Each structure stands twice: as structure tokens, then as C-alpha cells.
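See below for the structure under consideration.
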Amino acid sequence: MLDLKRIRTDFDTVAAKLKNRGVSEDTLTHLKELDEKRRALLVQSEELKAERNIASAAIAQAKRQKEDATQQIADMQKVSADIKTIDNQLVAIDQQVTDIITVLPNTPHDSVPVGADEEDNVEIRRWGTPRDFDFEVKAHWDLGEDLDILDWERGAKVTGARFLFYKNLGARLERALYNFMLDEHIKEGYQEIITPYMVNHDSMFGTGQYPKFKEDTFELADTNFVLIPTAEVPLTNYYRGEILDGKELPIYFTAMSPSFRSEAGSAGRDTRGLIRLHQFHKVEMVKFAKPEESYQELEKMTANAENILQKLGLPYRVISLCTGDMGFSAAKTYDLEVWIPAQNTYREISSCSNTEDFQARRAQIRYRDEADGKVKLLHTLNGSGLAVGRTVAAILENYQNEDGSVTIPEVLRPYMGGETVISPK
């Protein structure tokens, strides 16, 4: 959530930054006007309360002296009625302010490219060279069926579209991947966490999914619970409402969890395969950092995600998302896109973001600065390290062989009992 004081004191800068994110200046102007009206009403309310206190003292004095206090009582009743009217106006204005400010996206960092959509994203670097196949490559969904490791038909029967069963060495490959990813992150200083897979509405607000993106989630009817769309939500909210010791920062968390997405608005997109599912495993990284260190931590987090892809030998590129393509809470985002041979293109497999104090303000996560003793908002960061299903897809396609088998990357073999290849039965 944005700082209302910042909007008030640096309106033009905030308006210009949010314009690049599709926010109308009229919206901010209306918010500023509401804030000014609210502040004026607060002054009036305080003045009237001071009058009421004076009137109350005068009434008490008159009663002690056995004097008629009828007029003073009438005056105080009028003042009290005026205060109630103003308080009701303040409640209404506060709600209007909340309705606007809670759906405003974060302001982009100055280094973020300005653009309308993914066409304006900027490639930063590439790693690895896509393999030159001397046979016709298969898509991962066909490989999965031919190898008897992915069962789409029964997934659809048991649940519905965009669900599947992993089986045999497919299930083992998925498990090997997330154990490998977690082990690599732990080596980099991340604390492993097993989170709840359901959170409450306050947690969804804290990380920015609510109220704006409710339609993208699975809520449990007649409860305060939501299935997590990413482990970012419980990991970030772990410290919601707390004040941390500045000496403990930065703090690194990692977790593997299922992620549940309704994929509202994605009809017709990636209807086959592992790219877009309602339920998938993802290894998440979350950091809590001091503001002056958060962009250095973003580079480190991105490198942690890249490390996984490099050790798996998967070609990828790093993209800096433009203002029009970034997520709601992000101030800056790097996407990692892995090479998918059957599609002859790179597809997102990780997204690493610095939200600065946007989530921390919503969730009230603060730290006490050891230098001056003041309590301040910290910065939160989050990143995929990696999306496991998409990594399975990338391995199946990049490591496929002409005979229909798939070679298992060397780093995963210890996690798969020494298996070296997945072969057709």
C-alpha cells in the first residue's frame, strides 16, 4: 500500500509514476481531495471537542453554584450533535480513501523500463545455448503420456481441466526437483519453512492479493480461509504486525508448497501441458531487508533462482519487466524465462520482485533500526525458486532423446536413486 503522506507531499512524482502503471491522475486527484477534506474535518472535530469540554466545565460550575445551566446544556447538545455529524462524515471519507488506496499498485523503481505490456520488457542477459535437435522434438505433454509419467485424462476425470496426476518416475522427478531446489537455497542461507496451505483474508490483504485480485483465488465458502496462490503469502505474513530487531536483517525464508490459482481470464491460454494449472508446486523465496539493502538483495535472489537453472543445464534469459507488465505489489521485477524447445520460445519459470515497503505497510511489518532506535517499515522481496511443474516441462523437452526417452540431469540423479534416464515402457 502506498504512503498517503507521500501522495500528499509529492503528488506530481507519484502521479507520474502511477500513470506509467495505468492509473489515472483523476483517481489520485480525487484521493488527494478526500484526504484534504478529511484533515479539515479532523480539525473541526477537535475544535468542537474543545468547545464541548469548555461547555461541560461551565455546566459543572453552574450546578455547583446552584445556577441555571439550561443554555449551556443546550449549547453542549448542539456541539455534540455537530461532532457526531462530522464523525459520520469522517467514517464515510475514510472508507472512500481505503477503497482507493488499497487498489493502487506500487510505484515503480526509477530503473524499471517504461512500457505498456510484455512487448516493452527488456532482456538483461542470457545463459546457455538452446540445443540443436536433429530430430522432431515432442511437446512435454506428449512425452509425459508416452513415458507414462503424466496422466492428464484421469486428472480431468477426477477433478477437471488443468489438473493432472504425476506417476512413476514423473512423480519422482517432481519430488527430486523441489528437494534439490530447497537444498540449494538452504546453502545460500535461507531458512526452510513448511507453511499452512490456507491463510486468512488479512494475510491475503497483507501481500496485496486482496481486495483487488479475489477472483484469482479459491476461497473456502463460509470461512475466513483461502487456499494459498503462492507460499509468498504465508511466508511474508509470518511477521505481520511485528517489530523485528534490525540486527537480525536480512532474513531469508524458503518453502515448497502447492499453489492454487483460479486462472481467471486465462481461458484458451496454455490449455495443454504444465505451464498453466489450477494446482502446482512451487519453491518460494522471501526476504525481509533494510530499505538501503533491498536492491542488492533482489540481485542476490535473482542469482539464487538462476543458480538452479544453471545447475540443471537449462538455457534461460533474464527479463526486466516494464511498468505495464509488473505485478501489483512490485516496485521492480526480474522474470527468468526458460527455453521450451517445442514452442521455440522462452517461457516464464521464475519471477523475483522487490516490493519495497508496499507489503510491509499493508501487513505492518517493521524493524527497530539499531543506529537510531526508530521503528521503520522494512522492505519485502519474493521470488520463485522455481515453479516446479514448469521445470519438469523444461527438463522433459530439453533432455529428450530421439528414441523417446528423457535423460535425467546429473544433479538430480542422487535424488532419484541413481536413475539416469526415463524410458518408454
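Using the three backbone atoms N, Cα and C, a Cβ is placed for every residue, glycine included.
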Given Swiss-Prot lists Thr230, Ala231, Glu232, Ser384 for L-serine, the same-site residue among Glu184, Glu284, Glu337: Glu284
Set of same-chain residues at least 6 away whose C-beta sits under 8 angstroms from Thr230 (L-serine binding site): Ser257, Ser259, Lys282, Glu284, Asn382
Number of other Cβ atoms within 10 Å of the Cβ of Ala231 (L-serine binding site) across all protein chains: 28
Integer Cα-Cα distance in angstrom, Glu232 (L-serine binding site) to Ser351 (ATP binding site): 12
Rounded distance in angstrom between the Cα atoms of Glu348 (ATP binding site) and Ala231 (L-serine binding site): 18
Additional residues around L-serine, ordered along the sequence, whose Cβ is within 8 Å of the centroid of Thr230, Ala231, Glu232, Glu284, Ser384: Val233, Leu235, Ala255, Ser257, Ser259, Lys282, Val283, Met285, Val286, Asn382, Gly383
For Glu263 (ATP binding site): intrachain residues, at least 6 apart, with Cβ closer than 8 Å: Arg162, Asp216, Arg276, His278
Mapped DSSP class for Ser384 (L-serine binding site), helix or strand or coil: strand
